[in-house]
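Novice: This is the feature table in TrEMBL:
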type: DOMAIN; residues: 16-226; note: domain '7TM-DISM receptor extracellular'
type: DOMAIN; residues: 280-358; note: domain 'Signal transduction histidine kinase internal region'
type: TRANSMEM; residues: 17-37; note: transmembrane segment
type: TRANSMEM; residues: 44-62; note: transmembrane segment
type: TRANSMEM; residues: 82-101; note: transmembrane segment
type: TRANSMEM; residues: 108-130; note: transmembrane segment
type: TRANSMEM; residues: 142-162; note: transmembrane segment
type: TRANSMEM; residues: 169-187; note: transmembrane segment
type: TRANSMEM; residues: 207-224; note: transmembrane segment
Amino acid sequence: MSDILSFIIERDTYNSILYAVLGGLFLLSAFHLVMFFQNRDKSYLLYSFYTFFCFLAYIPVVDSGFLLNLSQYYGLDFRSKQFFTIICNSLYFLFFAHFLNVKKKNIVWYRIIVLPVFAYMVVATLTFLLLKGGFGDEYFNWFNRAYTFLITVQTLISFYILMLIKNNLKYYIIFGGVILFLCSIIGEHQIRELPFLNLTKKTGDFIYFIGLFIENLAFSFALGHRQRNIYIEKLSSDKNLIEELKKSEILKDRVNLENERRLSTENEKIKYLQDISELKLSILQTQMNPHFIFNALNSIKYYIEKNDAALAVNYLTKFSKLIRTILTASRMKEFTLEEELQTIQVYVDIENLRFNNEMDFTIEVSPEVDEHKIKLPPMVLQPYIENAIIHGIATSDTKKIDLKVSQEKNSIFIKIKDNGIGRRESEKNQNKTKKFGKSLGTKIADEMLKNYFGSDSYSIVYHDLEENNHSCGTMVVLQIPAP
């Protein structure tokens, strides 16, 4: 029977079968490559490579037609067939490892299947290049003989692992792989030339083609089965999505109504808080203004008691200017930095009269600071200047206060520095006179800043200045947001 089969194949049908197989392999390779670009599924790409190298492996076998000319032109010989066969068999393992998601199920199993195959491909490529480079064929021949044994062991191990994987698609892979493996083994010349088989080379190739056809048929069913599973999952997902959308549509109106109510309530709350904040600021200003006027009137009283009419008149002139500013401030929610600094200058001029103009007061504004855009509560800096005068420089021989304004990134820094006796010495004096804690003015100023900027948007830091372990003044640093 084998002799008759061999005779028919050798005489009539071999080239026709071979061309049909090669054409089918090329079409399969192109089809799966297109499928890869459509779906971006690496399984299609690996299977496209696998069928393409199977196609290349059997071009050297053709003995007539344009493929023979192609084979001769590119120098494809029996060694090329062996090399391409090794590559396509190795790609087969990479394909099913990815197709069955072995890596996600067990990384150790995945490495057992894939890493040896990568090694076979690298060694095969190196030995084949040595062969083509004219360094002899002993390396490639040695590896090719070893590969038959290695790939047999690798197949048994891989198929054992496949049996442990819970995936029904594995049975397509196992069935097709076993058939192809058996047919390829029979096609090897060491096997087909055994006495009980005694098959010709073309008959062995024909048997391999049958195995290749069955294997591709099994893989086609596997890919179709997986696509069907994906389609069913998509239908189920779409159905669930539609149901969820219907539910969401029902809830949407309720949510919109609830959001409208919440928005209305939130707007009312914000307006309420703004009104409260403005009211607090207004109340604090009404507290600040009488406090300041009270201090100024005390100074006027001091000059009148001294019978110094000229100074009292000068003081009253400046004081009237300041009163106009206070009246303006009582009707406003905020000053620009420029207006605030002008008011501070008038206030210091008035206070300086008490010290016979011995006080040296300077205002320095950095070029990057826009005095017209920066806003703050009216007269909020005055209490800190007042503290520097009363508790700082009042008893010092030299009296100096510096006010500097600078900008760093998104913050404005206002630094008020005096060369007075320092906070510790001032506290001692307060203890003697039984006065404790912050002045009323700075307390009010703190509250005004908090209500204007928010408690997290500003800061006030006091620094005790020392020189040779002796106090030499105080610096107050106010940080507010830049516009």
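Residue numbering: from 1, along the chain as shown.
Note that Cβ sites are derived from N, Cα and C of the backbone, with glycine treated the same way.
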Novice: Using a Cβ cut-off of under 8 Å, list the residues of the same chain at least 6 residues beyond the transmembrane segment (142-162) that approach it.
Specialist: 82, 86, 89, 93, 96, 100, 102, 109, 112-113, 116-117, 120, 123-124, 127, 170, 173-174, 177-178, 181, 185, 188, 190
Novice: Find the member of 44-62, 82-101, 108-130, 169-187, 207-224 that has more C-beta pairs under 8 Å to the transmembrane segment (17-37) than any other listed stretch.
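Specialist: So the stretch in question is 44-62.
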Novice: Can you give the mean pLDDT for the domain '7TM-DISM receptor extracellular' (16-226), rounded to a whole number?
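Specialist: Mean model confidence (pLDDT) across the domain '7TM-DISM receptor extracellular' (16-226) is 82.
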